[in-house]
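Colleague: Okay, here's the structure, questions in a sec.
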Amino acid sequence: MVSLGERGPPPGAAGDLAALAELDEAALLAGLRERFLQRHIYTAIGDILVAMNPFQPLPLYEREVSERYRRLQTDALPPHIFAVAGRAYHAMLGRGGGGPRNQCILISGESGAGKTESTKLLLQHIMNLCKGNSQLEQQILQVHSSLYSRGTATVTGGLSLGQYQVNPLLEAFGNAQTVMNDNSSRFGKYIQLRFQENTVQGAKLSEYLLEKSRVVQQDAGERNFHIFYYMFAGLSSKQKEMYGLLDPSFYRYISGRFGTQEAAERWKHKYQEVCNALDMVGFQEQEQVDMQAILAGVLSLGNVTFEPEESNGSVKVSEASQGWLKAAAGQFGVQEDELLKCLICTTSVTRGEQIQRFHTQQQAEDARDSIAKVAYGRVFGWIVCKINELLAENVDPEVELRR
């Protein structure tokens, strides 16, 4: 048993809760609560940094703060996301002894906890730490210099090279509104920075576990991926006609819900950001047209329904949704009968003989949703590949960035 007199300082006074004489769940929660009430949102527990989302702008990320954590020993400063970035950077260079070693920073938390913003802040400080004369570093720092002056926790520099800012793309295609968070990342990210002689030579982004099920169904109070709403708000009437898009209330995959006029204006602005980012990343005009046609095709496909075929017990596309099937085929750029085959039957080859098995209604609906999910996933993967081509442009082609 440890008496209260032996516990040392009050929980909230310790920047590192691991320094407490006794650390249990009650002491940990009490320490975090006391520090949060004092507007200390960062608390260390040994090598772990606990970050509590303040849900308000705090003066924690200005240039002066970053410079302080760049110049001074982080042990003498309060816990901070910049201190984590600094320790990893210096350990990678071998400045703490033991020689240079690869480093990994893992960010985890519930939806809305601030994982995406923390990633942006880590990258921001690492770019500041490796200041040099290389054009790449100078371009990155130019992007971030405008962010420091804002003095808020909302940083949009993140994964950027020069004038290229890819966050609007990743957020539009990979984020969605949930019950907990209006801008929740619905995929995992693994970001690798490659250094050579203390300077960044390139980067690689790997995405995994994209929540493709959201494309075809959302829980109550939630929305599909942002890009669908941005398209409806940002496309002109002529462009919507070109892509075969009707009023958003017709589409089952977005639950017939759109938003207020205020939200539509905000989404219109976001759509323009996405278009600018697509240009900067290197998507050609025709590629952008094809991409948006595929997204329109996903929505049209979601409206295809099925009914029993009386003659042979299989299923067929209902009369009411024949138009949606035709629209989806045109938007995907495939033959209507080929798309129909994928929906209502499975063909296999055994010993050179083709065997066709017709789907039940449930199997046809599952096939429809699977095609929609795969199509959206391929579009997202296409974007990530384009981003990696940009991020790796300064990497020696003989050296591969591995996971």
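Just so you know, glycine gets a Cβ as well, placed from its N, Cα and C.
Checked TrEMBL, it gives:
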type: BINDING; residues: GLY109, GLU110, SER111, GLY112, ALA113, GLY114, LYS115, THR116; note: ATP binding site
type: DOMAIN; residues: 12-403; note: domain 'Myosin motor'
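Show me how these features fit into the structure around them.
Modeller: There are 16 other Cβ atoms within 10 Å of the Cβ belonging to GLY112 (ATP binding site).
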Colleague: If I take every residue in the domain 'Myosin motor' (12-403) and average their pLDDT values, what number comes out?
Modeller: 85
Colleague: Other than GLY109, GLU110, SER111, GLY112, ALA113, GLY114, LYS115, THR116, which residues of the same chain sit close to ATP? List them in sequence order, counting a residue when its Cβ is within 8 Å of the Cβ centroid of the site.
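Modeller: Neighbours within 8 Å of the Cβ centroid, excluding GLY109, GLU110, SER111, GLY112, ALA113, GLY114, LYS115, THR116: ASN53, ASN181, SER184.
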Colleague: SER111, LYS115: which of these binding-site residues has the highest Cβ count within 10 Å of its own Cβ?
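Modeller: Neighbour-count leader: LYS115.
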Colleague: Test of understanding: give the count of other CB atoms lying within 10 angstroms of the CB of THR116 (ATP binding site).
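Modeller: There are 22 such Cβ atoms around THR116 (ATP binding site).
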